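K.L.:
I'd like to ask you about the structure that follows.
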């Protein structure tokens with residue numbers, strides 16, 4: 001898929017709070033998403049392309065509870081969500097204080113890395129509100145359509161991953177090249 005750069009320095013400490021502030025919110029609107037990406041040197045193509053990572057895996061139901069149960073405060077679902085998909089999500093994500101419930105982020109394709117996410121998105125089946133936000137800007141709508149072609153998505157995803165990999169690269173005496181990527185060198 002893409003050549004992963006190696007020999008990069010990792011920090012010696014990490015903070016979960018940094019991830020919470022640096023990662024886009026699941027309910028972010030398009031303007032916020034684009035602003036977060038451009039502030040890191042990425043562009044609209046990177047934003048849409050990297051959102052395609054939602055083609056694999058699951059998302060926590062509590063992150064979409066308001067979207068499927070009480071979007072406007074009247075017990076309704078987000079009107080931008082495909083009504084049949086909203087019903088499916090309500091079945092998969094019952095109202096519950098259990099924060100461990102999850103559902104596939106890409107219906108029917110969550111176990112394979114493919115371009116199905118963009119097809120689902122065009123059917124208003126974006127799992128997160130931030131997914132649906134990609135359909136609120138004419139430029140990103142065009143990119144979503146283009147990325148439905150698997151070969152284009154795969155090539156572009158690799159390029160965007162490499163661009164993202166250049167964010168905050170440590171140089172000089174900062175950080176360390178780890179012998180084991182999971183632990184700080186001793």
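From the backbone N, Cα and C atoms, a Cβ is placed for every residue, glycine too.
Nobody curates TrEMBL annotations by hand; they come from automatic prediction.
Per TrEMBL, the features are:
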- 24: substrate binding site (BINDING)
- 54: heme b binding site (BINDING)
- 55, 106, 114: Ca(2+) binding site (BINDING)
- 61-93: disulfide bond (DISULFID)
- 1-185: domain 'Plant heme peroxidase family profile' (DOMAIN)
K.L.:
To the nearest Å, how far is the Cα of residue 106 (Ca(2+) binding site) from the Cα of residue 93 (disulfide bond)?
P.N.:
15
K.L.:
For residue 114 (Ca(2+) binding site), which of the three DSSP-derived states applies: helix, strand, or coil?
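P.N.:
DSSP call for residue 114 (Ca(2+) binding site): coil, neither helix nor strand.
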K.L.:
Tell me the Cα distance separating residue 54 (heme b binding site) from residue 114 (Ca(2+) binding site), rounded to the nearest angstrom.
P.N.:
10
K.L.:
Within the domain 'Plant heme peroxidase family profile' (1-185) only, compute the mean pLDDT.
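P.N.:
Averaged over the domain 'Plant heme peroxidase family profile' (1-185), per-residue pLDDT gives 93.
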K.L.:
Rank the recorded positions 24, 93, 106, 114 by the number of other Cβ atoms within 10 Å of each Cβ and report the first-ranked residue.
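P.N.:
Answer by Cβ density within 10 Å: 106.
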K.L.:
Could you measure between the residue listed as 'heme b binding site' and residue 93 (disulfide bond) for me? Cα positions, answer in whole angstrom.
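P.N.:
Each residue's Cα considered, the residue listed as 'heme b binding site' and residue 93 (disulfide bond) end up 18 Å apart.
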K.L.:
Please work out the number of neighbouring Cβ atoms within 10 Å of the Cβ of residue 61 (disulfide bond), leaving out its own Cβ.
P.N.:
21
K.L.:
Applying a 10 Å Cβ distance cut-off over all chains shown, what neighbour count does the residue listed as 'heme b binding site' have?
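P.N.:
A 10 Å sphere around the Cβ of the residue listed as 'heme b binding site' contains 22 other Cβ atoms.
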K.L.:
Measure from the CA atom of residue 61 (disulfide bond) to the CA atom of residue 24 (substrate binding site) and give the result in Å, rounded to a whole number.
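P.N.:
With the alpha carbons as reference points, the distance is 17 Å.
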K.L.:
Please list, in sequence order, every residue of the chain apart from 55, 106, 114 whose Cβ lies within 8 Å of the Cβ centroid of the Ca(2+) site.
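P.N.:
Everything else in range on the chain: 52, 54, 56, 109, 110, 112, 113, 115, 116, 117, 120.
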K.L.:
Please report the distance from the Cα of residue 93 (disulfide bond) to the Cα of residue 55 (Ca(2+) binding site), rounded to the nearest angstrom.
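P.N.:
That comes out at 19 Å between the alpha carbons.
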K.L.:
Could you round the CA separation between residue 55 (Ca(2+) binding site) and residue 61 (disulfide bond) to a whole angstrom and send it over?
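P.N.:
One finds 16 Å between the Cα atoms of these residues.
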